[in-house]
Amino acid sequence: MTWHPHANRAKTFLLLVLFSGLIVGVGALFGRNIMFLAVLFAIGMNAYVYFNSDKLALRAMHAQPVNEMQAPVMYKIVRELATTARQPMPRLYISDTAAPNAFATGRNPRNAAVCCTTGILQMLNERELRAVLGHELSHVYNRDILISCVAGAMASVITALANLAFFASMFGGNRDGGTNPLAILLVSLLGPIAATVIRLAVSRSREYQADQSGAELTGDPLALASALRKISAGVERAPLPPEPQLADQAHLMIANPFRSGEKIGKLFATHPPIADRIARLEAMAGPDTYRHPGLY
(Lines of atoms letter the chains of each structure in order from A and count residues from 1; the text may use other names and numbers.)
(Lines give C-alpha, C1' and ligand atoms only; values in the text may rest on other atoms or scores of the structure.)
Protein backbone atom coordinates (compact mmCIF):
# COMPACT_ATOMS: atom_id res chain seq x y z
CA MET A 1 0.00 0.00 0.00
CA THR A 2 1.05 3.59 -0.60
CA TRP A 3 0.47 6.16 2.13
CA HIS A 4 0.26 9.91 1.60
CA PRO A 5 1.47 11.72 4.75
CA HIS A 6 3.24 14.73 3.20
CA ALA A 7 0.18 16.70 2.09
CA ASN A 8 -1.33 16.43 5.55
CA ARG A 9 1.89 17.72 7.16
CA ALA A 10 1.58 20.87 5.03
CA LYS A 11 -2.09 21.27 5.92
CA THR A 12 -1.25 20.92 9.61
CA PHE A 13 1.39 23.64 9.33
CA LEU A 14 -1.10 25.96 7.64
CA LEU A 15 -3.67 25.26 10.35
CA LEU A 16 -1.16 26.14 13.07
CA VAL A 17 -0.28 29.39 11.27
CA LEU A 18 -3.99 30.23 11.02
CA PHE A 19 -4.43 29.33 14.67
CA SER A 20 -1.58 31.64 15.71
CA GLY A 21 -2.91 34.49 13.59
CA LEU A 22 -6.35 34.13 15.11
CA ILE A 23 -5.04 34.23 18.68
CA VAL A 24 -2.84 37.26 17.95
CA GLY A 25 -5.74 38.98 16.18
CA VAL A 26 -8.04 38.50 19.15
CA GLY A 27 -5.28 39.75 21.43
CA ALA A 28 -4.90 42.88 19.31
CA LEU A 29 -8.53 43.77 20.01
CA PHE A 30 -7.61 44.17 23.66
CA GLY A 31 -4.59 46.42 23.07
CA ARG A 32 -0.85 46.14 22.39
CA ASN A 33 0.10 44.59 25.73
CA ILE A 34 -2.52 41.87 25.40
CA MET A 35 -1.43 41.22 21.80
CA PHE A 36 2.12 40.56 23.03
CA LEU A 37 0.77 38.11 25.59
CA ALA A 38 -1.34 36.55 22.84
CA VAL A 39 1.81 35.86 20.78
CA LEU A 40 3.33 34.00 23.72
CA PHE A 41 0.05 32.19 24.27
CA ALA A 42 -0.09 31.15 20.60
CA ILE A 43 3.41 29.68 20.78
CA GLY A 44 2.56 27.79 23.94
CA MET A 45 -0.76 26.53 22.60
CA ASN A 46 0.83 25.30 19.36
CA ALA A 47 3.29 23.23 21.37
CA TYR A 48 0.56 21.96 23.68
CA VAL A 49 -1.76 21.03 20.81
CA TYR A 50 1.00 19.21 18.93
CA PHE A 51 2.13 17.08 21.88
CA ASN A 52 -1.19 16.58 23.70
CA SER A 53 -3.90 16.49 21.03
CA ASP A 54 -4.33 12.71 21.49
CA LYS A 55 -4.93 13.11 25.22
CA LEU A 56 -7.72 15.63 24.60
CA ALA A 57 -9.71 13.21 22.44
CA LEU A 58 -9.15 10.19 24.70
CA ARG A 59 -10.07 12.21 27.79
CA ALA A 60 -13.26 13.52 26.18
CA MET A 61 -14.35 9.93 25.48
CA HIS A 62 -13.22 8.63 28.91
CA ALA A 63 -11.18 6.01 27.04
CA GLN A 64 -9.09 3.44 28.91
CA PRO A 65 -6.01 1.61 27.54
CA VAL A 66 -6.36 -2.11 26.89
CA ASN A 67 -3.88 -4.91 26.26
CA GLU A 68 -4.04 -8.20 24.37
CA MET A 69 -5.63 -10.07 27.27
CA GLN A 70 -8.35 -7.44 27.74
CA ALA A 71 -9.26 -7.08 24.05
CA PRO A 72 -7.87 -10.13 22.20
CA VAL A 73 -9.89 -9.79 18.98
CA MET A 74 -9.25 -6.07 18.58
CA TYR A 75 -5.56 -6.56 19.40
CA LYS A 76 -5.17 -9.43 16.92
CA ILE A 77 -6.80 -7.50 14.08
CA VAL A 78 -4.76 -4.34 14.61
CA ARG A 79 -1.51 -6.30 14.90
CA GLU A 80 -2.23 -8.17 11.65
CA LEU A 81 -3.17 -5.00 9.76
CA ALA A 82 -0.16 -3.07 11.07
CA THR A 83 2.09 -5.93 9.96
CA THR A 84 0.47 -5.96 6.52
CA ALA A 85 0.96 -2.20 6.21
CA ARG A 86 4.54 -2.47 7.54
CA GLN A 87 3.76 0.28 10.01
CA PRO A 88 3.96 0.62 13.82
CA MET A 89 1.12 -0.76 15.89
CA PRO A 90 -0.79 1.97 17.76
CA ARG A 91 -1.90 1.87 21.39
CA LEU A 92 -5.41 0.51 21.85
CA TYR A 93 -8.21 2.03 23.93
CA ILE A 94 -11.84 1.25 24.69
CA SER A 95 -14.46 3.82 25.62
CA ASP A 96 -17.24 2.39 27.77
CA THR A 97 -20.25 3.85 25.98
CA ALA A 98 -23.15 2.29 24.11
CA ALA A 99 -22.70 4.77 21.25
CA PRO A 100 -21.19 2.74 18.37
CA ASN A 101 -18.09 4.49 17.06
CA ALA A 102 -14.32 4.39 16.67
CA PHE A 103 -11.54 6.92 16.17
CA ALA A 104 -7.78 7.30 15.83
CA THR A 105 -5.68 10.01 17.43
CA GLY A 106 -2.03 11.02 17.93
CA ARG A 107 0.58 13.16 16.20
CA ASN A 108 2.31 10.39 14.19
CA PRO A 109 2.20 6.60 13.67
CA ARG A 110 4.62 5.95 16.55
CA ASN A 111 2.50 7.99 18.98
CA ALA A 112 -0.93 6.95 17.72
CA ALA A 113 -3.89 5.44 19.50
CA VAL A 114 -7.00 3.71 18.17
CA CYS A 115 -10.15 3.66 20.28
CA CYS A 116 -13.35 1.64 19.90
CA THR A 117 -16.47 2.07 21.97
CA THR A 118 -18.03 -0.91 23.70
CA GLY A 119 -21.09 -0.22 21.56
CA ILE A 120 -19.26 -0.84 18.29
CA LEU A 121 -17.45 -3.91 19.64
CA GLN A 122 -20.79 -5.48 20.58
CA MET A 123 -22.53 -4.49 17.34
CA LEU A 124 -20.10 -5.60 14.63
CA ASN A 125 -18.94 -9.05 13.64
CA GLU A 126 -15.21 -9.68 13.31
CA ARG A 127 -15.11 -9.04 9.58
CA GLU A 128 -16.84 -5.66 9.99
CA LEU A 129 -14.64 -4.74 12.96
CA ARG A 130 -11.57 -5.52 10.87
CA ALA A 131 -12.86 -3.15 8.18
CA VAL A 132 -13.45 -0.36 10.72
CA LEU A 133 -9.99 -0.79 12.23
CA GLY A 134 -8.49 -0.75 8.74
CA HIS A 135 -10.22 2.59 8.17
CA GLU A 136 -8.80 4.00 11.42
CA LEU A 137 -5.30 2.72 10.71
CA SER A 138 -5.47 4.43 7.32
CA HIS A 139 -6.04 7.71 9.15
CA VAL A 140 -2.94 6.95 11.24
CA TYR A 141 -0.64 6.00 8.39
CA ASN A 142 -1.76 8.86 6.13
CA ARG A 143 -1.18 11.19 9.11
CA ASP A 144 -4.76 12.37 8.89
CA ILE A 145 -4.97 12.16 12.65
CA LEU A 146 -2.44 14.94 13.23
CA ILE A 147 -4.42 17.49 11.27
CA SER A 148 -7.66 16.15 12.79
CA CYS A 149 -6.38 16.42 16.35
CA VAL A 150 -4.98 19.90 15.73
CA ALA A 151 -8.32 20.96 14.26
CA GLY A 152 -10.19 19.58 17.26
CA ALA A 153 -7.89 21.30 19.74
CA MET A 154 -8.13 24.53 17.74
CA ALA A 155 -11.90 24.34 17.86
CA SER A 156 -11.81 24.02 21.64
CA VAL A 157 -9.46 26.99 22.05
CA ILE A 158 -11.41 29.13 19.56
CA THR A 159 -14.59 28.45 21.52
CA ALA A 160 -12.81 29.46 24.73
CA LEU A 161 -11.53 32.66 23.09
CA ALA A 162 -15.04 33.45 21.89
CA ASN A 163 -16.36 33.09 25.42
CA LEU A 164 -13.55 35.32 26.72
CA ALA A 165 -14.36 37.95 24.11
CA PHE A 166 -18.04 37.82 25.02
CA PHE A 167 -17.40 38.42 28.71
CA ALA A 168 -14.91 41.17 27.86
CA SER A 169 -17.52 42.93 25.74
CA MET A 170 -20.06 42.63 28.55
CA PHE A 171 -17.86 43.78 31.41
CA GLY A 172 -14.75 45.38 29.92
CA GLY A 173 -16.44 48.02 27.80
CA ASN A 174 -14.10 50.56 26.27
CA ARG A 175 -12.85 52.10 29.47
CA ASP A 176 -9.18 52.34 28.54
CA GLY A 177 -9.83 53.36 24.94
CA GLY A 178 -7.76 50.44 23.74
CA THR A 179 -10.51 48.03 22.80
CA ASN A 180 -13.37 47.98 20.37
CA PRO A 181 -16.38 46.40 22.09
CA LEU A 182 -18.21 45.88 18.79
CA ALA A 183 -15.25 44.00 17.31
CA ILE A 184 -14.94 41.91 20.46
CA LEU A 185 -18.64 41.08 20.32
CA LEU A 186 -18.25 39.98 16.68
CA VAL A 187 -15.41 37.66 17.71
CA SER A 188 -17.60 36.14 20.40
CA LEU A 189 -20.36 35.50 17.85
CA LEU A 190 -18.21 34.32 14.94
CA GLY A 191 -15.76 32.22 16.99
CA PRO A 192 -18.00 29.13 17.28
CA ILE A 193 -18.81 29.38 13.57
CA ALA A 194 -15.09 29.48 12.75
CA ALA A 195 -14.52 26.44 14.94
CA THR A 196 -17.21 24.51 13.07
CA VAL A 197 -15.84 25.55 9.66
CA ILE A 198 -12.37 24.31 10.65
CA ARG A 199 -13.75 20.91 11.59
CA LEU A 200 -15.73 20.67 8.37
CA ALA A 201 -12.77 21.72 6.23
CA VAL A 202 -10.51 18.91 7.43
CA SER A 203 -12.98 16.08 7.88
CA ARG A 204 -15.14 15.22 4.88
CA SER A 205 -12.51 14.53 2.22
CA ARG A 206 -10.43 12.57 4.76
CA GLU A 207 -13.25 10.12 5.35
CA TYR A 208 -13.55 9.20 1.68
CA GLN A 209 -9.79 8.72 1.48
CA ALA A 210 -9.69 6.59 4.63
CA ASP A 211 -12.61 4.48 3.39
CA GLN A 212 -10.68 3.74 0.21
CA SER A 213 -7.31 3.17 1.88
CA GLY A 214 -8.86 1.06 4.63
CA ALA A 215 -10.74 -1.08 2.12
CA GLU A 216 -7.51 -1.60 0.18
CA LEU A 217 -5.67 -2.55 3.38
CA THR A 218 -8.25 -5.16 4.38
CA GLY A 219 -9.27 -6.13 0.85
CA ASP A 220 -12.91 -6.03 1.96
CA PRO A 221 -14.83 -2.86 0.98
CA LEU A 222 -18.22 -4.55 1.48
CA ALA A 223 -17.44 -5.25 5.13
CA LEU A 224 -16.79 -1.55 5.71
CA ALA A 225 -19.99 -0.66 3.87
CA SER A 226 -21.93 -3.04 6.10
CA ALA A 227 -20.25 -1.66 9.23
CA LEU A 228 -21.12 1.92 8.27
CA ARG A 229 -24.74 0.94 7.72
CA LYS A 230 -24.92 -0.67 11.18
CA ILE A 231 -23.10 2.23 12.86
CA SER A 232 -25.42 4.78 11.28
CA ALA A 233 -28.49 2.91 12.55
CA GLY A 234 -26.85 2.37 15.93
CA VAL A 235 -26.11 6.06 16.42
CA GLU A 236 -29.80 6.84 15.99
CA ARG A 237 -30.55 4.48 18.88
CA ALA A 238 -27.57 5.38 21.09
CA PRO A 239 -25.90 8.69 20.15
CA LEU A 240 -23.22 10.44 22.15
CA PRO A 241 -24.61 13.10 24.50
CA PRO A 242 -24.63 16.57 22.87
CA GLU A 243 -21.81 18.02 24.98
CA PRO A 244 -19.37 20.68 23.67
CA GLN A 245 -16.22 18.67 24.48
CA LEU A 246 -17.58 15.73 22.48
CA ALA A 247 -18.66 17.98 19.61
CA ASP A 248 -15.08 19.29 19.40
CA GLN A 249 -13.86 15.72 18.78
CA ALA A 250 -16.76 14.51 16.59
CA HIS A 251 -14.76 14.87 13.37
CA LEU A 252 -12.37 12.15 14.58
CA MET A 253 -15.10 9.49 14.66
CA ILE A 254 -15.70 7.05 11.82
CA ALA A 255 -19.30 8.33 11.65
CA ASN A 256 -21.17 11.33 12.98
CA PRO A 257 -21.77 10.40 16.64
CA PHE A 258 -24.89 12.55 17.11
CA ARG A 259 -28.46 11.68 16.21
CA SER A 260 -29.28 13.19 12.81
CA GLY A 261 -32.50 14.84 13.99
CA GLU A 262 -30.83 16.75 16.81
CA LYS A 263 -29.71 20.33 16.30
CA ILE A 264 -26.13 19.51 17.27
CA GLY A 265 -26.15 16.58 14.84
CA LYS A 266 -26.82 19.00 11.98
CA LEU A 267 -24.53 21.76 13.24
CA PHE A 268 -21.57 19.40 13.64
CA ALA A 269 -22.19 17.21 10.57
CA THR A 270 -18.48 16.73 9.96
CA HIS A 271 -18.84 13.57 7.88
CA PRO A 272 -20.05 12.97 4.33
CA PRO A 273 -23.40 11.17 4.01
CA ILE A 274 -23.22 7.50 4.96
CA ALA A 275 -25.16 6.57 1.81
CA ASP A 276 -22.50 8.19 -0.39
CA ARG A 277 -19.69 6.40 1.44
CA ILE A 278 -21.47 3.06 1.13
CA ALA A 279 -22.08 3.63 -2.59
CA ARG A 280 -18.38 4.32 -3.17
CA LEU A 281 -17.36 1.19 -1.27
CA GLU A 282 -19.82 -0.97 -3.19
CA ALA A 283 -18.44 0.49 -6.43
CA MET A 284 -14.93 -0.51 -5.28
CA ALA A 285 -16.16 -4.07 -4.76
CA GLY A 286 -17.64 -4.21 -8.25
CA PRO A 287 -21.18 -4.94 -9.46
CA ASP A 288 -20.79 -8.71 -9.53
CA THR A 289 -19.41 -9.11 -6.02
CA TYR A 290 -21.31 -11.57 -3.86
CA ARG A 291 -22.90 -9.88 -0.84
CA HIS A 292 -22.32 -12.08 2.19
CA PRO A 293 -25.61 -12.70 4.08
CA GLY A 294 -23.85 -12.06 7.38
CA LEU A 295 -23.08 -8.54 6.23
CA TYR A 296 -26.24 -7.50 4.34
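Note that Cβ sites are derived from N, Cα and C of the backbone, with glycine treated the same way.
The transmembrane segment feature in Swiss-Prot is assigned to 10-30 (among others).
As annotated by Swiss-Prot, transmembrane segment applies to 33-53 (among others), with the evidence given as sequence analysis.
Here Swiss-Prot flags H135, H139, E207 as Zn(2+) binding site. Non-local contacts of E207 (Zn(2+) binding site) by the CB criterion (under 8 A, 6+ apart in sequence, same chain) comprise I254, H271, P272, R277.
Same-chain residues at least 6 positions away in sequence with a Cβ under 8 Å from that of E136 (active site) are, in sequence order, A102, F103, A104, V114, A210, G214, I254. Annotation comment: Swiss-Prot describes E136 as active site.
Look at Swiss-Prot and you will find 145-165 (among others) tagged as transmembrane segment.
The feature transmembrane segment is assigned by Swiss-Prot to 182-202 (among others).
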Legend entry - Number of other Cβ atoms within 10 Å of the Cβ of H135 (Zn(2+) binding site) across all protein chains: 25
Inset, instruction - Enter the number of other CB atoms within 10 angstroms of the CB of H139 (Zn(2+) binding site). - result: 28
Legend entry - Cβ-based neighbourhood (8 Å from the centroid) of the Zn(2+) site, residues H135, H139, E207 excluded: A104, E136, S138, D144, R206, Q209, A210, D211, S213, G214, I254
